[in-house]
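Visitor: First the structure, then my questions, so here it is.
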Amino acid sequence: MSDSQTLVVKLGTSVLTGGSRRLNRAHIVELVRQCAQLHAAGHRIVIVTSGAIAAGREHLGYPELPATIASKQLLAAVGQSRLIQLWEQLFSIYGIHVGQMLLTRADMEDRERFLNARDTLRALLDNNIVPVINENDAVATAEIKVGDNDNLSALAAILAGADKLLLLTDQKGLYTADPRSNPQAELIKDVYGIDDALRAIAGDSVSGLGTGGMSTKLQAADVACRAGIDTIIAAGSKPGVIGDVMEGISVGTLFHAQATPLENRKRWIFGAPPAGEITVDEGATAAILERGSSLLPKGIKSVTGNFSRGEVIRICNLEGRDIAHGVSRYNSDALRRIAGHHSQEIDAILGYEYGPVAVHRDDMITR
């Protein structure tokens, strides 16, 4: 084994159930064995687990429920305790304690809450406890949900300061086409940058019991790689897959980390789900992308959503393409009022000012 590393392992519902309606406990036992072996060798392991809704449905005897958010939250509330109990029981066989962390998007949007979550996660790791993370599905609304555990795992990897992120799924990795319908599809072993062409071939491999697909795994890989974290998509059914990843053995698809990782503050900006959106003109787009400039109010064409000063927002060009994320110096109402105006007019319009820029370049990261 190499020197101690931190690995985040994301386990999708399809991996935990084997595509069935119930948790595949024998397979979960094997995955825990692999993690425990790495833990004993001095590595730090973080589990991001799906399966709460599937566990709840199984525990209640597969009830016929309406396809509503309330029904899913009911199942998650029942299943979450069953799921963490299972992880606790299995890791305890190896004398390893686990600690549960339930997160929502709000924990990532607010800088203070982000730092608190980071400190809690790292404290667990520092005390040789395996964090078991899931989204708080029992209470999260659409407005505060991360939305899928692929993206949640990327955020967890950032919080943990991970070296590697392993996304285990029911596919061997990313293919040139959907291997279920195209026998000519080839496994892509190495990716050095995610572009539109790669997103176009990602397809959709959603399990009937889960909420993620290959496209969300690409999103997660993009976030993690830009934060300096190697990301691997591999089949959870492959024997010894977790140990192989830590040994550097080629499995699945490896997304190579960005050579110059983001600094800590920009990791938060990149990982935080945007609280709102602004559209900018061609001049502002060029200034941001080509010259690395701050965004001035003059370049803003429209503001979407309601957000506070200090929240992360999405910056889009006139075609609607996401070009950058950044921390807004003004709230949404103020930006609507000063949009299209010169910076020297801000004080006259608002009666106050927080500086001449809407989003400073030091608080911005291009996509």
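Placed from the backbone N, Cα and C atoms, the Cβ positions cover glycine too.
In case it's useful when we look at the structure, here is the feature table from Swiss-Prot:
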{"type": "BINDING", "residues": "K10, T169, D170, T211, G212, G213, M214, S215, T216, K217", "note": "ATP binding site"}
{"type": "BINDING", "residues": "S50, D137, N149", "note": "substrate binding site"}
{"type": "DOMAIN", "residues": "275-353", "note": "domain 'PUA'"}
Visitor: S50 (substrate binding site) has how many other Cβ neighbours within 10 Å of its own Cβ?
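Guide: Around the Cβ of S50 (substrate binding site), 29 other Cβ atoms lie within 10 Å.
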Visitor: For the domain 'PUA' (275-353), give the DSSP counts of helix residues, strand residues and coil residues.
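Guide: Per-class counts: 28 helix, 21 strand, 30 coil.
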Visitor: Express the distance between the Cα positions of K10 (ATP binding site) and S50 (substrate binding site) as a whole number of Å.
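Guide: Each residue's Cα considered, K10 (ATP binding site) and S50 (substrate binding site) end up 8 Å apart.
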Visitor: Please work out which residue of K10, D170, M214 has the most C-beta neighbours within 10 angstroms of its C-beta, and give that one of the binding-site residues.
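Guide: Comparing the binding-site residues K10, D170, M214, the most crowded Cβ belongs to K10.
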Visitor: So which one is it: of the binding-site residues N149, T216, which has the fewest other Cβ atoms within 10 Å?
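Guide: T216, out of the binding-site residues N149, T216, has the fewest neighbouring Cβ atoms within 10 Å.
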Visitor: Which of the binding-site residues D170, M214, T216 has its Cα nearest to the Cα of N149 (substrate binding site)?
Guide: T216
Visitor: Does DSSP put T216 (ATP binding site) in a helix, in a strand, or in coil?
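Guide: It is helical.
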